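*Asks:* Shown below is the structure under consideration.
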Amino acid sequence: MADDKGTDPKEGCSEWFIDNEADCSDLENDLEQLFDESPKSNISNLLNDEEDVEQGNSRDLLRQQEFEESAEQVQKLKRKYFSPKAVQQLSPRLQSMSISPRQKSKRRLFEEDSGLELSGLEQSLTNEIEDTPAELEVPAATPAEQGGQGEGNLHYKELMRCNNSRAKLLSKVKEYFGVGFYELARQYKSDKTCCKDWVIAAYGVREELVESAKQLLLNHCSYVWININGIMTLYLLCFNHAKSRETVGRLLMSILDVQLLQLICEPPKLRSVVSALYWYKGSMDSSVYAHGAYPDWIVNQTMISHQAAADAMQFDLSEMIQWAYDSDLTDEADIAYLYAKMANSDSNARAWLAHNNQARYLRECAQMVRHYRRGEMRDMSMSEWIHHRIQQVEGEGHWSEIVKFIRFQEINFIIFLDAFKQFIHGKPKKSCLLIHGPPDCGKSMFAMSLLKVLKGKVISFVNAKSQFWLSPLSECKIGLLDDATDPCWQYIDTYLRNGLDGNVVSVDCKHKTPMQIRFPPLLITSNYNIKANDKYKFLYSRIAIFEFKHKFPFKEDGTPVFQLTDQSWKSFFERLWTQLELSDPEDEADNGGTQRSFQCTTRDVNGHL
């Protein structure tokens, strides 16, 4: 049995079993060598127990698979959390800006790692994040927000990349139209300022939207001027109503499907002949779409007949003075503002705006109106002045409101009326009226209402250190010194006794020699009763004194019980005209209507109004 090799052929298999292809053998004759080395058939010799056998390919395969899986995970982390430094070194500022989401650089995607970087992955990620600048990523805008697709979208993105998009647009206008934008338009600082005419430069508008806008803008504008040149479009729009830059921008954004970044909106130069000629000549070009009648500022500067009339037009200061006198304006700011608003309808106002000496003419106009008004006032008696003033009061009131208020203060109305009659006539030692009493009893309200209807002047003791503080009394028919205190009474007792007597006094006025005048009727209100102090005894005969004892009453809704208005004083003077011994207006020919109004211009009396 030991000499026989193999197995018994009687049991199923009588031949040697030979496998033609070995599964895990690298040698061709492994089987022969196995049998040749062991002449004995001992099955235990098939295994070598003398030394350890090394692990086969399974461990190496597992290690390779784990290595590849780890490398893939590391590469995914690198692509997710940081970008390559090489791109940042080229332009760190460009790398920190991104208009739309973009893919990270993949240059390290297939690099093999040595193993050292894998072992220090956490430290490397920390260093890379600290060294990588923050990126500013702007989400990609939708096509509707970009104001067009394709080429228009690219133009919009080009503007977004510019540091100064406005300078970019201005350069494009100069490049495509051959003229600077601000040679045709003037600049408004505020977006709220309104104007009827606007010059608009639009960048990157789709051509089909420009064509549709020609019809849509006709609903809003009286004149439309459109010139398309490449990616730029120039508009001159004369709207039916004045609009602000914000309103114009929103309108064009909805019609042209653009962003505000793509528009420049400014009002045109209305007094530039060169600018007017550009719009006029451009409307004759076949590439320009123009619809509607020319605006007036273009016609006046381009048409021959209008130009000749404009050249012949000269500014007449007397017309401006007459207008200010008729409007009863003496303040320079009011005259300047209101007269400038008339430039659209008045040729003289338009000529004044075009003049280089506007300020000088304005100052002279206001000064002349004050001279005329002062001369007119001095020429009138007190009766004429009162009648002149109440004729300018509109509406009707009731004189009993004033009578009720005087009786409410426990004052005999007959005594008050007699003192008031002598007061307005300016009789010597009777031309000063004092109303004193506790606070909130209506002293100032009563005095101010009378001063307003008679257009008097107020003097304030706060200016007493100036020698000019009495000068307003030379320009009025009635004066008021409100809330006189003890220092004020000391000043009056020391320096103004002769003025209260009705004598001529010298009053110093600024930029003039001292004037010789008589004080007009002077009304004084005070919380101080001079009769309570004997040191003012010399003023007793010069001042008529009345006391208001009760606080002024108000209704539950806060309105005053007694209506001391211009209409009430108008009714008071008309009702008590005879009792106040005022002269009849008919005797002075003041209300007959045949007397011609004051005229300070050289125009023909029978000329057109």
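Using N, Cα and C of the backbone, Cβ positions are placed for all residues, glycine too.
So Swiss-Prot lists the following for this protein:
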type	residues	note
BINDING	Gly437, Pro438, Pro439, Asp440, Cys441, Gly442, Lys443, Ser444	ATP binding site
DOMAIN	411-561	domain 'SF3 helicase'
MOD_RES	Ser83	phosphoserine
MOD_RES	Ser91	phosphoserine
REGION	37-67	region 'Disordered'
REGION	148-312	region 'DNA-binding region'
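How buried are the listed features, and what sits near them?
*Replies:* The secondary structure of Lys443 (ATP binding site), as reduced to three states from DSSP, is helical.
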*Asks:* Could you name the residues, excluding Gly437, Pro438, Pro439, Asp440, Cys441, Gly442, Lys443, Ser444, of the same chain that surround the ATP site, i.e. Cβ within 8 Å of the Cβ centre of those residues, in sequence order?
*Replies:* Asn527, Phe548, Lys551, Phe552
*Asks:* When you tally the Cβ atoms that lie within 10 Å of each candidate's Cβ, which of the binding-site residues (Gly437, Pro438, Pro439, Gly442) has the highest tally?
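*Replies:* When each Cβ's neighbours within 10 Å are tallied, Gly442 tops the list.
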*Asks:* Count the other Cβ atoms sitting within 10 Å of the Cβ of Cys441 (ATP binding site), across every protein chain shown.
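*Replies:* The answer is 21.
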*Asks:* Counting only other Cβ atoms and using a 10 Å cut-off, which of the binding-site residues Asp440, Ser444 scores lowest?
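*Replies:* Looking at the binding-site residues Asp440, Ser444, the Cβ with the fewest others within 10 Å is that of Asp440.
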*Asks:* With DSSP assignments reduced to helix, strand and coil, which class does Pro438 (ATP binding site) get?
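*Replies:* The three-state answer is coil.
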